[in-house]
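Novice: Provided herewith is a single structure, encoded as structure tokens, for subsequent inquiry.
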């Protein structure tokens, strides 16, 4: 008998049943080859045997082609694209389906959020880091190379999105068919249009009971101006419409320019630090080609290295010998200094350098600042190294050394938003085993001094003396909020409570409105986003951009404990809110600071004026316990002696504020501010 697989293949080709001659052994097909004809089989027509050994080119399925994704294709058959969407609109699920349908990832290896390889991303259900994946797709018997760069959807990670857009020629705009256009959808579309990308609208989640694809398609046409007459309707979860998306990627997105013969220019769009191989660089080859063993040069700093290993991300790293114009890959060159390979730099050949570098990326502007201090002072150098390595992976992170009398040495760090700040803190603690204290978030203020000098101040302790400053300016942002009409009133109340200035309200559809406000960034870095979601039951979304600085009635609020100012608890607040913040801080400190042998006043001050005060009562030792009976003068003498001792103790005594108190008060500051 022939093997089952062989017999089934032969039964299709030969009209009569075939059987081996008696006494003959069966032969299994050689690995990697087509099934061979077992010895002793009755001869089939010659043409049929050839078909059995070498199938026609049209035979391989899409999944089989996915296993052959390292094979080179012409530059005209390369498509570089990314997926842009608002957070939680099904972007990662769609990427999973594309990887599965093209055979890039086998079904047995598949898991949800396949490209989100950080534990933090899986726990929170969000994409934090952009990821690249190379896929192979066969359309009309023609193989195509599809390079996907997956992007985050939250407003705090828009810098990641801008970097991936610079490496692509097209983008899939994914919109939830039940929720419609959101604020971050608009922001990402504008970024894509600035980069002259071909945009393919995709309406996702059409399988949901509340899906309204026709209404959402009309929204996209009215708000964004994209033609949605042929918008693809799909359900990434159910696998509906995925083939149509792949076909659209091939037919609608233009191929890269054929510049393989020009001098090498490759744009670094991401990198990370590997403890064994050094810095690993992710890049897109814009011009020329790069081979394994080439001597390369980074154009920003002139550093030279030898490309020990190059390859593609599919989505795991797979080595190749050469990459040419239009391809996306990675590079390992034993780069030990994290400063040598920065995101946005251009790679070129050492011997045949390009005339000029690629434009790179605009610098990210930090919006929110806070202090990061190690609980154990011995971890300061470890924190510095960890921040340098993390900055390589996250180019939007900025930091500089800072010292505090209360918390020792640490770093003042700048972030794009509160979620960005929270993610960086968790990554430092998880990936680098650091125990950190994080101070309350603040923004950069501009202080106009009497002598005409302008000082930028991100830390209250750096604020000039009241006599030296003429005025203080704070950053303002323009914030656009999209909300169902039922929640317009509560959201307007929220914006006005945060000193917002109403600018405009438009009804983009009958049931959805766009509110535009201008408000201080300091009012937004607290719990503004949480309040927005709470008041709208999760339906509202927001997008903001910095519009400049304005003069405001700002004051420095100091906290004094036993007459000594505690710089770590100082804040810059608006004069109208100073009393509420001072009262809340003093009450919280009274609960957290342990009682002393003497009375401890806790005061909130603006300059020399005390605006809120609490006092810790002294622990009183019972000095009269040994006086059973006797004259009252003896008791008075003992009490007077105790009072003098407490007075002397208070004069020279020092109150140590425990770390727990600092951390609790900093959390309170975030809530109050």
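Using N, Cα and C of the backbone, Cβ positions are placed for all residues, glycine too.
Unlike curated records, TrEMBL annotations are generated automatically.
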Novice: If you check TrEMBL, which stretch out of 1-40, 41-80 is marked region 'Disordered'?
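Specialist: That would be 1-40, per the region 'Disordered' entry in TrEMBL.
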Novice: Look at the binding-site residues 85, 206 and tell me which residue has the greatest number of other C-beta atoms within 10 angstroms of its C-beta.
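Specialist: Ranked by Cβ atoms within 10 Å, first place goes to 85.
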Novice: Among the binding-site residues 88, 91, which residue has the fewest other Cβ atoms within 10 Å of its own Cβ?
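Specialist: Minimum Cβ neighbour count within 10 Å, taken over the binding-site residues 88, 91, occurs at 88.
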Novice: Can you check how the pLDDT averages out over the domain 'Tr-type G' (76-257)?
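Specialist: Mean pLDDT, the domain 'Tr-type G' (76-257): 78.
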